[in-house]
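Have a look at the structure below before the remarks.
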Amino acid sequence: MTAVTAGRSTRGIVDLVFRARELSIVLALAVLVAVTAAANGNFLSAQGLKDIFLNAAILALLAVGQSFVVITRNIDLSVGSVVGLVAFTVGDVLAANQGLGVGVAIVLGIVIGCVCGLVNGLLVSFGKVPALVVTLGTLYVIQGLDHAIAHGRQINAVDLPRSVLSLGNGSVLGIPYLPLITVVVMLAVGYYLRSYASGRDFYAIGSSPEAAGLAGVPVRRRVMAAYLLSGALAGLGGVLWLARFGTVVADDAHGWELQVVSAVVVGGVAITGGVGTVYGAALGALLLTTITSALVVLKVNPFWQQAITGALLLLAISVDRVLALRVARILRRRNARHGS
Amino acid sequence: MTGAAEATAPHGPGTGDAPPVLALAGVSKSFGAVRALRDVSLELHAGEAHALAGENGAGKSTLVKTLSGVHRPDSGQVLMDGRPVEFHKPADAQRHGVAVIYQEPTMFPDLSVAENIFIGRQPRASLGRIDRGAMRARAAELFARLGVALDPEQPARGLSIADQQLVEIAKALSRDARVLIMDEPTAALSVNEVARLFTVVKALREQGCAVLFISHRLDEIFELCQRVTTLRDGAWIAGEAVAGLTHEALIRRMVGRDLDTLYPKLDAATGEVALKVHRLTREGVFTDVSFEVRRGEIVALAGLVGAGRSEVARAVFGVDRWDAGWVEVNGRRLPPASPTAAMSAGVALVPEDRRQQGLVMDQSIERNIGLTGLKRLRRGPVISRAAERDRARDWAIRLQLKFNRLSDAVNVLSGGNQQKVVLAKWLSTRPQVLIIDEPTRGIDVGTKAEVHRVLSELASDGMAVLMISSELPEVLGMADRVLVMQEGRLVAEIPRAEATEESVMTAAAGRTS
């Protein structure tokens, strides 16, 4: 019977830890906003808040896709390049064909993103090449492709159709489109991962790839799907980027992959897979964006901003590690008691 | 148990006339030159627990893997309900109602117990969503049927091995398994956990499940099973009722073979104490272990898998920390948890699993041998390739290693030759105390004899050898003294003259009578 009571208390701890993760992000956000608002009242103005949500929307969207991949114990470093490629090529097409609308732009962006995701997914799941290597490679390939297409040119907002630009700046009932799209995608993906058998497979794969294979989970197909989704959302993110900024060069979103991975990890998705939610990842993105904005408002030297973001990432990973060791120790102590 | 056997027979659909649920008929299986199974037959009936007995390497695991669809027989048939079936992969066997419980189940540590049971087959609500309530309820129902108190909602991480096995059994039940194969499930369990497992398995047996049970502990076979099939060196030896069989008779069936020719241990003059271990304890792993090994002596550490033998070796060498006690080499205490200190004191450890712990598989023979003595191979700040090659060549000749070039990767060598490379790697450090874990596991008979010859020569030259082995003939043939461990404690010390299959087995299985 000791096993059962010990089991319950273990469960209580583990549950608390992972609930606490999302709660602690919300808490950190609240403290951050309160402190910054106290120092500078403008931070909480309608415009200030809107800016934060607009800035966080694309990062959060990418974080949702990334967490899908990370949950399966893989990683997608190519998302930043995909955003850049999609933003430029879709912008190029729209500038040449003024008649095209928002719908075409979104479909085109998602298709390009899916192709990139397909390449990643094929190499990782069927080629059995480590994800880090594959997506580092595609990061450079896609970036190079983008530069070759752009050839030093720039897409200007004035060349784009009105409808596309209003996607970036318009709103419905006072809520801007961009965060709205992100929230809808996040809820849909989160619901799928939690409530569908195939969604749970992703967690099973990340938790133990060998056990997943033995249990008949189609491991390769699911990993493939994770990369496709990550690619598709990066494609959508590229279109939103174009809509928001209007003026686009080939270098856009350069280096964003690391911000995305940071957001995912800060949001409580274990980099070793099997644990975490897309809600946490999106919250992580919101926290990172808010920190950046707050540091600007507080007039902190921009060089320190990066260092602080990095320190936060290290803190998040350390917390994960400490908790994992805790759980392992509880386990060992319980087994020792059993053995005696 | 005889009474129980008779009482349960009517529950099954007539053990006499109905065809067995699952059977092997004349099955043979070879891996290269090794014949793992030769013309083996076995019948599992509903409502009956059937034991599979045999030494390590007798072919028990191959038989289990043939029944569970991992291996396909070279000849002979697998039969279900009297009809031939072919299992191409484990999923085929699962679909036919064959479930395997391994010694250490593979689980999803991050998912809940209920999800571990139902992954991929979760109960569905409308629109294909998972019905969590139903999943929880069905898991609870399964646990109630098994009579165990596990919480379906708790994460699998943190479950003891015993609980993990129960989850696996629940999973088997949820698939309506008709055959339950248990491959040494009790090796890592405590006495109370074994009792709980047996209650569950007996209940399943009475509900009409066919059980195949593997264990080295003879008491367990006699307690749980009605029939027993014995394998030796891949061949079928006997299939009989457990009632009327004695422990001694069963042991004779398992081992009976000529030992003298294979294991020559030369007599060597024993010198002073080289290794002294005093009341060594690692909490929850082994307790109060004391022994000595003298120069020129080979001491065997025998016992069942999971008795804590390898763990003691790892602690002595400093890989794992110990909680109490001490270790002396040539009269000098070793600091705890420092392999470097152990090595410079003259201790070498040849680990059990050469692929994982002993060798860098895709590096060359010379690199692997040189790895333990990089300091000695240095000429100035750089490693001398010539010195490395010379040293490797010396040992290759001494151990009669068969190879093409010393620059070949070790993964192209046979298991026996790989083992020689591991030996060379450690012997080249000129140790005074050699700890060797399962020296001949998975290598062929000829090479085995050579490894034994080398060990015997080393002892004659004055080395102190501590050998861990699960192969009784090897223990009896090689050892001057046999130490027997059981559940983390040293329970017997048997001198060479008194060491027999029976005396060692009896001590290892912990029989009091």
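Cβ coordinates are placed from backbone N, Cα and C, and glycine is handled just like the others.
Curation does not apply to TrEMBL; its annotations are automatic.
Residues or ranges marked as transmembrane segment by TrEMBL: A:25-45 (among others).
Counting residues 6+ beyond its ends, the transmembrane segment (A:52-71) has Cβ neighbours under 8 Å at 79, 83, 131, 176, 178-179, 181-182, 185-186, 189, 193, 202-203, 206, 226-227, 229-234, 236-237, 240-241, 244, 256, 259-261, 263-265, 267, 269-271, 273-278, 280-282, 284-286, 288-290, 292-293 in the same chain. The feature transmembrane segment is assigned by TrEMBL to A:52-71 (among others).
Same-chain neighbours of the transmembrane segment (A:77-95): 58, 62, 65-66, 105, 108-109, 112-113, 116-117, 120, 132, 135-136, 138-140, 142-143, 145-146, 149-150, 155-156, 159-161, 164, 230-231, 234-235, 237-239, 241-242, 245, 248-258, 260-261, counting only residues six or more beyond its ends whose CB sits under 8 Å from a CB of the stretch. Per TrEMBL, transmembrane segment is recorded for A:77-95 (among others).
Same-chain residues lying 6+ beyond the ends of the transmembrane segment (A:102-126) with a Cβ under 8 Å from its Cβ atoms: 74, 76, 78, 81-82, 85-86, 89-90, 93-94, 134-135, 138, 142, 163-164, 167, 219-221, 223-239, 242-243. Summarising the annotation, TrEMBL assigns transmembrane segment to A:102-126 (among others).
Among the features that TrEMBL reports, transmembrane segment is placed at A:174-193 (among others). A Cβ distance under 8 Å defines the sequence-distant neighbours of the transmembrane segment (A:174-193), meaning residues of its chain 6+ beyond its ends; these are 50, 53-54, 56-58, 60-61, 64, 68, 71, 167-168, 199-200, 202-203, 229, 233, 236, 240, 243-244, 277-279, 282.
Using a Cβ-Cβ cut-off under 8 Å and counting only residues 6 or more beyond its ends in the same chain, the transmembrane segment (A:224-243) has close neighbours at 57-58, 61-62, 64-66, 68-69, 71-72, 74, 76, 78-79, 82-87, 90-91, 94, 102, 105-106, 108-118, 120-122, 124-126, 155, 160, 164-165, 167-169, 178, 181, 185, 189, 202, 252-253. Annotation source TrEMBL lists transmembrane segment at A:224-243 (among others).
As annotated by TrEMBL, transmembrane segment applies to A:255-271 (among others).
According to TrEMBL, the transmembrane segment annotation covers A:278-297 (among others).
What TrEMBL lists as transmembrane segment is A:303-324 (among others).
Touching of the transmembrane segment (A:303-324) and the transmembrane segment (A:255-271) is concluded from the presence of at least three CB pairs under 8 A, sequence neighbours closer than 6 excluded. Taking Cβ pairs closer than 8 Å, the transmembrane segment (A:278-297) reaches residues 21-22, 25-26, 28-29, 32-33, 35-36, 39-40, 42-43, 48, 51-52, 55-56, 59-60, 62-64, 66-68, 182, 186, 189-190, 193, 259-260, 262-269, 304-305, 308-309, 312 in its own chain, all 6 or more past its ends.
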